[in-house]
Amino acid sequence: MAFAATYKVVLGSIAFAIFWVLAVFPAVPLLPIGRTAGSLLGAMLMVLFRVITPDEAYAAIDLPILGLLFGTMVVSVYLERADMFKYLGKLLSWKSKGAKDLICRICLVSAISSAFFTNDTSCVILTEFVLKIARQHNLPPHPFLLALASSANIGSSATPIGNPQNLVIAVQSKISFGNFLVGVLPAMLVGVSVNALILIIMYWRLLSVHKDEEDGTGEIVGEDDVSSHRFSPATMSHISASNSMDHVQSSPNNINGSLATHLDSLRNRVNSGDQLEIQRSPCGSIDSNDISSPTQFSEENESKTEHWKNKMWKLCVYLVTIGMLVALLMGLNMSWTAITASLALVVLDFKDARPCLEKVSYSLLLFFCGMFITVEGFNKTGIPSTLWNFMEPHANVDRVSGIAVLAAVILLLSNVASNVPTVLLLGGRVAASAAAISASEEKKAWLILAWVSTVAGNLSLLGSAANLIVCEQARRAPHLGYTLSFWNHLKFGVPSTLIVTAIGLTLIR
């Protein structure tokens, strides 16, 4: 594709640059409007500058991706209400056999939960569990926080619902859920294992220190600790640019590296819509002289009824979620499957769904709408096509050297322009180039894009939203606060990312 008219190239580049700056630096002093408003501003400028027409802008919005994103958000909200993440947290410390065992458990639980419930969700919920476990065992928290964040990113690469860029790839490539899972799963499993091994080797001395004897050591995380940090997994968050500089000592360089300054208020907001679980005291022995009134018997029966209703509702949530995953594995339409599962949970809840639906990050959905239009306008300028035409001869996926070049380009762009725009800009071109070789190579190219763009988030603390969520949640945890520094993450992130990416590329099917 040749360059568009000169005015379109210039004005389209300006609109895309504004979008990029506001997405990466949401609180830039000149225009601190945030990344959602920044993406909508970029989209508006593309139409206003006549780079694309209004009809082309509407057509650029990918409704199946938005539907899938919305559905998975709602399902995650109901799963949290059903205490699934509480059970995952307990699993981390159940019959633990030491620090190295904990590292392996955290890597495994984080990876699996991220594959099916997104990496951001897992990091939001599990961070305080990890901090408490480290305190119980008198161990430094940072190896465990690194295990949580990095394994969440690696694990999310295995499924189309693991992260936003995989949603885009699955919809655009029309690769079924099952084929996607089979194609990336071996790389994910080996990647998580290698990642855990790197952590153990790097922090061997720290993890080998015998813990001091203390009261409560080794206890399972209590229910109070679980409920104290319930937080909507679907709520998009932001950190101002100045706060990012204070805590990671570096300016953000990734679109996913912007979290909300309203983290504390959102944490409180979540509990407002949740139904409080009924707290029941165990029935003690009844003295022979005590006579229970009919009212007491009625209250006990009502309590038992509510208890079993709550148990049945949780079971229904888990069964609906399993049904959704089975339907996805069978190759049914991913967007409508997720939407159907979410509405089934709304109906089964049998109460006003507004509190749960309010936890859906509509600002994230709007951000995607603006980004679709902005990226489509930038594509119309001809700049991405020209750059790809230069790279294409050196990035063919049927050669080892070509895969290495393609992976390096994806790795670089994912840390400079963020992984979702990288997928939108490169996806179609990489797939078309591979399709000229064979259909199997086209599928392989999409899966390589999914793998590398996701693992690239581990390179630095600012590489993905999951990293920053762990950093902020750890820093703000009451009585457990710990600051994960930029350099602590970088000295682990660089070797881990390069090694895991390289090994995974050999296993992509």
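Here, residue 1 is simply the first one shown, and the rest follow in order.
A Cβ is built for glycine as well, from the same backbone N, Cα and C atoms used for every other residue.
Taken from TrEMBL, the feature transmembrane segment applies to 6-25 (among others).
Feature annotation from TrEMBL assigns domain 'Citrate transporter-like' to 27-456.
A Cβ distance under 8 Å defines the sequence-distant neighbours of the transmembrane segment (58-79), meaning residues of its chain 6+ beyond its ends; these are 52, 85, 117-118, 121, 160-161, 164, 167-168, 170-172, 232-234, 317, 320-321, 324, 333-342, 345-346, 349, 356-357, 359-361, 364-365, 368-369, 372-373, 375-376. Per TrEMBL, transmembrane segment is recorded for 58-79 (among others).
Look at TrEMBL and you will find 180-204 (among others) tagged as transmembrane segment.
Per TrEMBL, region 'Disordered' is recorded for 279-301.
Here TrEMBL flags 286-298 as compositional bias 'Polar residues'.
Positions annotated as transmembrane segment by TrEMBL: 315-348 (among others). Residues 63-65, 67-68, 70-75, 78-79, 81-82, 84, 116, 160-161, 170-171, 176-178, 181, 356-357 of the same chain lie 6 or more positions beyond the ends of the transmembrane segment (315-348) yet place their CB under 8 Å from a CB of it.
What TrEMBL records for 360-379 (among others) is transmembrane segment.
Under the heading transmembrane segment, TrEMBL lists 400-417 (among others).
Annotated transmembrane segment per TrEMBL: 446-470 (among others), in sequence order.
Look at TrEMBL and you will find 490-508 (among others) tagged as transmembrane segment.
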Need one number: mean pLDDT over the domain 'Citrate transporter-like' (27-456). 80
Region pair the transmembrane segment (400-417) / the transmembrane segment (180-204), three or more CB pairs under 8 Å: no
